[in-house]
């Protein structure tokens with residue numbers, strides 16, 4: 001699966017994603033920051049009962065769904081689960097019928113399968129950033145994810 005950048009004929013979008021959960025499982029939220037030139041869009045959402053990893057994947061799914069056209073995407077996540085899932089594990093999971101190397105069912109397969117359908121629509125370079133380390137894009141995505149959590153707190 002190619003993860004290089006598209007020629008300049010496609011818009012260049014920088015995306016920062018994050019997921020959060022109060023309890024794991026518990027109320028969770030996801031957030032994403034999408035930047036194109038001087039334009040910036042913030043999106044967030046959540047679920048009443050979920051896990052942090054599910055929210056991390058949802059952040060990427062909803063960010064990619066928010067793109068209106070094929071784009072060259074630079075995607076930043078603080079989730080090694082998401083970054084490695086896409087760049088290292090996904091192809092093997094598909095070849096094994098959504099089983100891990102140890103023959104166990106892939107956790108969150110429903111979301112991984114949905115994400116997999118979106119990947120061919122864009123040329124994405126995947127980047128990991130250390131969370132809660134002062135990176136402005138990641139901090140903003142984290143704040144949006146926590147806003148998503150708050151909407152589902154009792």
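Glycine too: its Cβ is placed from the backbone N, Cα and C atoms.
Fair warning: this is a prediction, and the values are worked out from it, not measured in the lab.
Residues or ranges marked as domain 'RNase H type-1' in Swiss-Prot: 9-150. Per Swiss-Prot, Mg(2+) 1 binding site is recorded for 18, 56, 78, and the stated evidence type is sequence analysis. The feature Mg(2+) 2 binding site is assigned by Swiss-Prot to 18, 142, with sequence analysis given as support.
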Residues flanking the Mg(2+) 1 site, with Cβ no more than 8 Å from the Cβ centroid of 18, 56, 78 and excluding those residues themselves: 17, 19, 20, 55, 59, 77, 79, 82, 131, 138, 141, 142, 145
Find, for the listed binding-site residues 18, 78, the residue with the lowest Cβ contact count at a 10 Å cut-off, counting only other Cβ atoms. 78
Counting other Cβ atoms within 10 Å of each Cβ, which of the binding-site residues 56, 142 scores lowest? 142
Give the distance between the Cα atoms of residue 142 (Mg(2+) 2 binding site) and residue 18 (Mg(2+) 1 binding site), rounded to the nearest whole Å. 5
With DSSP assignments reduced to helix, strand and coil, which class does residue 78 (Mg(2+) 1 binding site) get? coil
Secondary structure at residue 18 (Mg(2+) 1 binding site) (DSSP, helix/strand/coil)? strand
